[in-house]
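**Q** Below is one structure. I have some questions about it.
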Amino acid sequence: MEPTTFVLFGATGDLAKRKIYPALYNLFVDGKLPDSFSLFGLGRREWTDESFQANVERSVREFSRREAKNDGSLERFARAFRYQVLDIGREEDYERLLGRIEQRERELDARPNRLFYLSVGPEFFEPIAANILASGLGSEEGWKRLVIEKPFGHDLPSARELNRKLSQTFAEEEIFRIDHYLGKPMVQKMGALQQANPVIQALWTNRYIANVQITASETVGVEERAGYYDHVGAVRDMFQNHMLQLLMMAAIHLPHESSSEQVRFKKQRIMQAVAPLQKQDVAASVVRGQYAAGEVSGKQVVGYLSEPGIAADSSNDTFIAARLEIDDHYWRGVPFYIRTGKRMKEKSTRIVVEFKEPLQQPSQGLGAPNLLVFEIGPKEGITLQLNSKEGDEFKPLHVELHGSQDDVPEAYENLIHDALRGDGTFFAHWDEVELSWQWVQPILDAFAENLLPLQTYAAGSYGPTESDALLAQDGYRWWFDEELETNANKGEQYAYNANY
Ligand SMILES: NC(=O)C1=CN([C@@H]2O[C@H](COP(=O)(O)OP(=O)(O)OC[C@H]3O[C@@H](n4cnc5c(N)ncnc54)[C@H](OP(=O)(O)O)[C@@H]3O)[C@@H](O)[C@H]2O)C=CC1
Ligand SMILES: O=C1O[C@H](COP(=O)(O)O)[C@@H](O)[C@H](O)[C@H]1O
């Protein structure tokens, strides 16, 4: 990997502490950082290089998936870190930063390749990009890259405006928009599983697949993020980005050899083919909900409206479910159901592919449908539900594939490593982001105009029962963790480990 200077805005913040430093440390342990690597942390706090390094070490000890060894490696890792006080709006701070970076690059005899990571609020993206340009921080002699966190806009017009401004400083191939769901190892494998396995490839069409169910349920509530969450809700926080990215990755068909551009093109084609919604039709395809008090994992929890910092009359959504159709020759007629919510019964991100009934046979008595389940988190694995016979009765049998759960890299490790290598495959490209907002915009409009009732659901449930109707109208139902486990627990389970 080429020498890199990692310039981190928001180095004193929560994301840096919990995700970025631990990810960088694990890359360091795996030998996946460039040989010549320096990091400049930026923030308004009056930290020094030494106090910054101590903070980085603390965050690795607290949050790294791997325990930091007492062999000096953590200290060696932290030695590459420098800190500089910088106020985002103060031009002279960028000039001082440039001086320090150039000096460090000279010491290391390193080309000026600079990766700017914006771990700050979205209101700062544009002024930072403009100051990078004005100060000359993006040197002509090396490459420059911009890594940005979500949210990318608040709606379609604001996302377009943000993109217009960023593209005055950075070209599209220099912008790496993080969607951490694309960094999850199982999501990264989905395209390859379909691409490299004729058995999956052959089945991946409307000929055999009845419906696809994509769920990201969480047990946590709004936590300490009321100020942010009460303005965005589940639709902007999860649906427009993570859930639609999962849809694209589930529906993708990749050629044998596929470049980052092809992945991007295929995803764009999928989003273009998603049948658009009109705002007056939203109520037929979308369910929105808000959690009430209830019991989660054996503990009583308050309802959303009683959470600290939430407006007492808030009509914000903490749950959203939708029915979509991809109108192309692979998927025409196959409904995709998506749901995500907070304070639900379990923490689970999964894609369930339900196959059609056996050909030329009546369904009665033939057991359950075949299901292919991609478990994305918190545990990852793949389960295939088949039917077998016990005596006279057909019974489901689960074939489970799961690698070691202990050494799975975190999403941020994969994504930061890709950004350092300049590989944009698993980042959200502008076309996808724009098309996602375009699809979601009528939903936002329908919410704003009260065209869709806000349902309530008890914390600890599977969300509002109204979301069942989205599937029932097509003759289907959600597949629940409990059921899959119950079947497996009956003893008809073959499990073996596979290092896929
Ligand atoms: N935390 C998380 O889990 C996630 C966060 N994100 C996104 O990541 C970004 C950062 O989030 P998070 O770390 O939680 O936020 P925090 O509020 O914890 O940190 C914000 C950072 O921004 C810096 N900052 C704020 N104003 C200025 C300024 N005027 N000049 C210089 N630095 C400034 C702060 O530094 P200082 O106080 O020293 O000035 C601090 O380091 C946001 O866009 C968020 O949406 C995305 C996914 C998850
Ligand atoms: O981006 C976000 O994701 C988390 C859920 O992520 P996961 O990796 O734990 O599934 C969600 O809690 C948060 O509200 C959202 O901003």
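Each position is counted from 1, following the chain as shown.
The backbone N, Cα and C atoms fix where each Cβ goes, and this holds for glycine too.
Annotations in TrEMBL come from automatic prediction, not curation.
TrEMBL feature annotations, pasted as is:
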- 7-188: domain 'Glucose-6-phosphate dehydrogenase NAD-binding' (DOMAIN)
- Gly10, Ala11, Thr12, Gly13, Asp14, Leu15, Ala16, Lys17, Arg44, Asp87, Ile88, Lys150: NADP(+) binding site (BINDING)
- His180, Lys184, Glu218, Asp237, Lys342, Lys347: substrate binding site (BINDING)
- 192-479: domain 'Glucose-6-phosphate dehydrogenase C-terminal' (DOMAIN)
- His242: active site, proton acceptor (ACT_SITE)
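Give me the lay of the land around each of these features.
**A** When Cβ atoms from all protein chains are considered, those within 10 Å of Asp14 (NADP(+) binding site) total 12, not counting its own. DSSP assigns Asp14 (NADP(+) binding site) to a helical segment in the three-state reduction.
Sequence-distant neighbours of Lys347 (substrate binding site) (same chain, 6+ residues apart, CB-CB distance under 8 A): Ser217, Glu218, Thr219, Val220, Gly377, Pro378.
In the structure as shown, the Cβ atom of His242 (active site, proton acceptor) sits within 10 Å of 22 other Cβ atoms.
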**Q** Rounded to a whole angstrom, what is the largest C-alpha distance between any two of the residues His180, Lys184, Glu218, Asp237, Lys342, Lys347 that the record assigns to substrate?
**A** 20
**Q** I'd like to know which of the binding-site residues listed (Gly10, Thr12, Glu218, Lys342) lie near ligand 1, counting only a CB under 6 Å away.
**A** Gly10, Thr12
**Q** What does the structure give for the C-alpha distance between Lys342 (substrate binding site) and Asp14 (NADP(+) binding site)? Integer Å is fine.
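**A** Distance between the two Cα atoms comes out at 21 Å.
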**Q** With H, G and I counted as helix, E and B as strand and the rest as coil, say where DSSP puts Lys347 (substrate binding site).
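**A** Where Lys347 (substrate binding site) sits, the three-state DSSP reduction gives coil.
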**Q** Asp14, Ala16, Lys342: which of these binding-site residues put a Cβ within less than 6 Å of any ligand 2 atom?
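**A** Not one meets the Cβ criterion.
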